[in-house]
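Trainee: Taken from TrEMBL, the feature domain 'Acyl-coenzyme A oxidase N-terminal' covers 19-145. The FAD binding site annotation in TrEMBL covers THR151, GLY190. If you look up TrEMBL, you'll see 287-448 marked as domain 'Acyl-CoA oxidase C-alpha1'. Sequence annotations record features per position, and here TrEMBL assigns active site, proton acceptor to GLU433.
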Amino acid sequence: MSAKVNDDLLTERRKCEFNVEELTNYLDGGAQATQNRRKLEDKVLSTKGLFDEVPEEYLSHKEKYENAVRKAVVYYKAMKEAEDPNQTEQERANATYRSLLHAAVFKDNSPFSLHLAMFIPAILGQADEEQKKYWMKRASKMEIIGTYAQTELGHGTFIRGLETTATYDPKTEEFVLHSPTLTAYKWWPGSLAHTANYCVVMAHLYINGKSCGIQPFIVQFRDEETHQPLPGIKLGEIGAKLGFNTVNNGFLGFDQHRIPRNRMLMKNAQVLKDGTFKRSPNSKLTYGTMVYVRVVIVNGMANQLARAVTIAVRYSAVRRQSELKPDAGEPQILDYVTQQHKLFIGIASSHAFTLTAKWLTRMYQKVTADLEKGNLDELPELHAIACCLKAVTTTDTSVLVERSRTSCGGHGYMLSSNLPQIYGLVTAACTYEGENTVLMLQTARSLVKALEQAQSGKRLSPTMSYLSEKVSSRLKWDNSIDGIVKGFRRVAYGKVESAMRSMRKYVRSGLGPEDAWNMSSVQLVAASEYTSISEADIRQLQDTYEDLLGKIRPNAVGLVDAFDFRDQILNSTLGAYDGRVYERLMEEALKSPLNAEPVNQSFHKYLKPFMQGKL
Ligand SMILES: CCCCCCC/C=C/C(=O)SCCNC(=O)CCNC(=O)[C@H](O)C(C)(C)COP(=O)(O)OP(=O)(O)OC[C@H]1O[C@@H](n2cnc3c(N)ncnc32)[C@H](O)[C@@H]1OP(=O)(O)O
Ligand SMILES: Cc1cc2nc3c(=O)[nH]c(=O)nc-3n(C[C@H](O)[C@H](O)[C@H](O)COP(=O)(O)OP(=O)(O)OC[C@H]3O[C@@H](n4cnc5c(N)ncnc54)[C@H](O)[C@@H]3O)c2cc1C
């Protein structure tokens, strides 16, 4: 018999003014997609061996990893077996697009995540047809496990500064991979330490002493039978982190390690047997895997944020605290307008990021199709937009997940709430796949170029077209959606123009263009992300905003129920559908090994002699 649902949550669900299932269907992309997703979740989550007897947080670093590998194998097989052969690839993708199924199994991500998130996309995007055929067969069957090894101990952002060398030897038709310094060691790649046996390595190619830029190489680094590191390979785990502690991030050093010529992924650039180098049509095509992952990250943020606000809103409907009016009893904390302010923006932002992710994915698919036909025209715009949206969504999600955590008081600080772990996952995305400031400056670079083109009368791409609408600064705008959008476009224009004016001022003062750029970079980042509105309108908007909070309040629980996350996926004592938070907090607390005995051995070993002055 299922446990009794908390009365306050029952009341909230009765108050809801819209059809929750309809919103769930919309988010999934239709009723059939919802059904497919639920069916997949039913199948996979009923698999034995997927869940932890002892909560992960009570395991050692090593035990956590070993347990995660155990689960990764079970989970991967369960996902494969759950695949519906009658579904198209697109239907399968839709069924997992919103599902955070893996989150039910891995609180801190899977040791297989890089294989699926980057190793396979790198092969698809960087290998020529023959290479793709061979490596995709092995990788998709998990005959090999791979990762993406680009970052080094000494370089992450500045890819052109990577030190790992790949020197072509025409006599043996091999590349010699080498880490000339400690800072050249690959450092960070997930699964690298003990899980994977292959990786795509980004290395500096040299032929006859001449630099041919950063190129991708597929490299085996562990024996497929014994899993021993191959000769000339130094491997290890980089240590405990804020999160991602079961992703097995590692380091790898090469000592004159030889690989055959056909291990350079040659879709874009090629090296012929005699060492002739055939350049890529655009050297930045090598960076294509990063653009893809930045696009994927936007959708990931929407889902993780939805998970966090689901936990916090349900808890806020159950938790009663303080006194809003004398003798009126303790109110639900969700009735405090400050609590609504903290949480409802998270609900809205998750929906905004979901819609943005869909738009960006369509743009990515179009540009990628164009690239296949040799049309690179829209690659710069895709790069700029992907940088901006990855940076903005990861920054905002980190802020809003942390706000969800702190809005749950002390219980939000418990690992059993799962809010700290969700924060650990999303805040990492502010750094990986391009640190956010660096990416915002990439967008700013495109904005400045676009404004210069607009000022010389050239047509701009759709996403930059607001820079050619030199809207009058006396623009009157109202509180309509159209009015607000017009206001934001006006402000965004002003930010870019101001940054550009600042750079020109520095150049006139005698600074070189690079120093002028650096001096204006705070404004440039603001121009890429920041929009603010003038004082007079804030009051008007503020009234509208507070009025809106009141309208959302009766629907808050319905809105998070519509995200349709199962309890196993929320993995939270505070966010379960039934709202039995106190019973769950106690159940989880009692799983602590420290509760196995009333008196811990440290009393007899240390405390007692200490308190009796014998230590
Ligand atoms: C969701 C799944 C879970 C994932 C788990 C975590 C996995 C994490 C993996 C990683 O972190 S992999 C490593 C990621 N590393 C990075 O993202 C590095 C970031 N750095 C860069 O992207 C580049 O170095 C830079 C910041 C773009 C600077 O490079 P560079 O100095 O060479 O370029 P610029 O001189 O600034 O620009 C030159 C020119 O090139 C254009 N451009 C740059 N990057 C791209 C690109 N990716 N695609 C297309 N075009 C690009 C840039 O716009 C400039 O164009 P112009 O203005 O000169 O026309
Ligand atoms: C959880 C996690 C997983 C990761 N997984 C992988 C992986 O699987 N494979 C992989 O290859 N890498 C991986 N990375 C590495 C990641 O890509 C790098 O950390 C990232 O690119 C930043 O590089 P860095 O750490 O060397 O910082 P740096 O590049 O040294 O930057 C440090 C700081 O300097 C400032 N800065 C740097 N350059 C500029 C600039 N041009 N303008 C202004 N400010 C600047 C920024 O404030 C930046 O935060 C992972 C990282 C994390 C945190």
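Any Cβ shown, glycine's included, is placed from N, Cα and C.
Help me understand the surroundings of these features in the structure.
Mentor: Across all of the domain 'Acyl-coenzyme A oxidase N-terminal' (19-145), the predicted model scores a mean pLDDT of 93.
The number of other Cβ atoms within 10 Å of the Cβ belonging to THR151 (FAD binding site), over all protein chains shown, comes to 18.
Under 8 Å, Cβ to Cβ, and six or more positions away along its own chain, GLU433 (active site, proton acceptor) finds MET290, VAL293, ARG294, ILE297, LYS390.
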Trainee: Please list, for the domain 'Acyl-coenzyme A oxidase N-terminal' (19-145), how many residues fall into helix, strand and coil according to DSSP.
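Mentor: Breakdown, helix to coil: 89 helix, 0 strand, 38 coil.
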Trainee: I want to check the contact list for GLY190 (FAD binding site): same chain, sequence separation of six or more, C-beta distance under 8 angstroms. What comes out?
Mentor: ASN109, PRO111, SER113, LEU114, THR147, PHE244, VAL247, ASN248, ASN249
